[in-house]
């Protein structure tokens, strides 16, 4: 594979050093909500690398470790002598204190988890406009016992002596709470204070500046060469198709592989929308029978995913050779994909991950290395909400921008057990009814995902005067900000009743509808 970074990319104004926190990505998103560009990087980043990037501020994330554990993640101590403002959050603050000569002790029975009012002790730039006794979100076991020289305590709680600290002269700050989570009442105020007042960042990160910077980079990278894009119809690949079409026009070819597991009417809609309405070159590949044959007799969900992913690659290889040659491959890789799949916490000396790998994403490292493409990934540093804003700016309609996430393997992993034509047709119809009624009720844009799942068992029912023995369908509706966590959606009973009545009356081989009220965690959004 060739280089996957475009030239002259914008450097982040704020660097977030990741110590294994579940909130590191959220910190970056919150800063970008303040229109400041931020990136999550490894805690192993060197002082020299930071100086090369030249950020205006640095944030040390939280993390699950104690600073006194043998394997506790650390950072280059010289970071604190660069003159760049540093904000340590939770573990990040404790690490800074320990590295600079203070002491951190186990909290024992005085741990804090959840909401806690903070008492402000001294005025400071960091807590400017934060009201006294406002609620902040705590999640820590250890606490600071003694501050390093030059630091003062600027806030405390009932159980935490040092809820916020400051060394104004060296521009080093710390908070024991998590300002990035929505439960922290003045969390965004604290973040903006650090970003604007302390780090002197400009609010110049938005969709317009992204387009102004990215389109010339794409043109510079691609030149007059041809680019191939695998189009799925989701918001990511659709936005990328529009972006590339704007940048390089007829040099772009989209390949739409219909594996037979898409939602009702979707292949026809996508071809009509992209090829006919917007005149983007799309090659339609009908591989339905091929994929279904490969899944014959397969029931394990992970095996289904691997088979579908592997077959997609083989079809893609064959068709790219037939349609090519292509110099570049465009992928709709997003920043969370990079964080989760590549990992930010890689020890540059050993290559080992600090955090456990969550999952492999289709867009990151999914294609074989012997495909001689150079990568074009202009969305690689964007979050999902930023991609939606970009799609809107490029003229994508709401029916694309606001469509619910759909898994790469499609309906094949919403059919538990073996996949068949009969089951696909059944689930496709049931799923269409779910989305149709959710839209009619005006709930679609308020729900992260709404879909149907077909179970591999049959249940007894009565229709008319006859006994039935048919499949049950599960209705799954969840609300979420980013898909990392989710709660089940409180759908009005009237809507649930309409969905149930329509499915059992309009979909053959279904006689029962059940509603999944499991949150994530402990469950996942998808059933497989």
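Using the three backbone atoms N, Cα and C, a Cβ is placed for every residue, glycine included.
Now, the feature entries from Swiss-Prot:
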- 13-204: domain 'Glutamine amidotransferase type-1' (DOMAIN)
- 90: active site, nucleophile (ACT_SITE)
- 178: active site (ACT_SITE)
- 180: active site (ACT_SITE)
- 205-403: domain 'GMPS ATP-PPase' (DOMAIN)
- 232, 233, 234, 235, 236, 237, 238: ATP binding site (BINDING)
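Apart from 232, 233, 234, 235, 236, 237, 238, the residues listed for ATP, the same chain places the Cβ atoms of 231, 239, 240, 332, 400 within 8 Å of the centroid of those Cβ atoms. Residues near residue 178 (active site) in space but far in sequence (CB under 8 A, at least 6 apart, same chain), listed by position: 23, 62, 89, 90, 136, 137, 138, 139, 184, 187. Mean model confidence of the domain 'Glutamine amidotransferase type-1' (13-204) amounts to 91 (pLDDT, 0 to 100 scale). Secondary structure at residue 238 (ATP binding site), taken from DSSP and collapsed to helix, strand or coil, is helix. In this structure the alpha carbons, written CA, of residue 180 (active site) and residue 236 (ATP binding site) are 25 Å apart.
Look at the binding-site residues 232, 238 and count other Cβ atoms within 10 Å of each Cβ; 232 has the fewest. Within the set of recorded positions (180, 236), the lowest number of other Cβ atoms found within 10 Å of a Cβ is recorded at 236. For the binding-site residues shown (233, 234), fewest C-beta neighbours within 10 angstroms: 234. For the recorded positions given as 90, 235, the lowest number of other CB atoms within 10 Å of the residue's CB is seen at 235. The Cβ of residue 237 (ATP binding site) has 229, 230, 231, 332 as same-chain neighbours under 8 Å, each 6 or more residues away in sequence.
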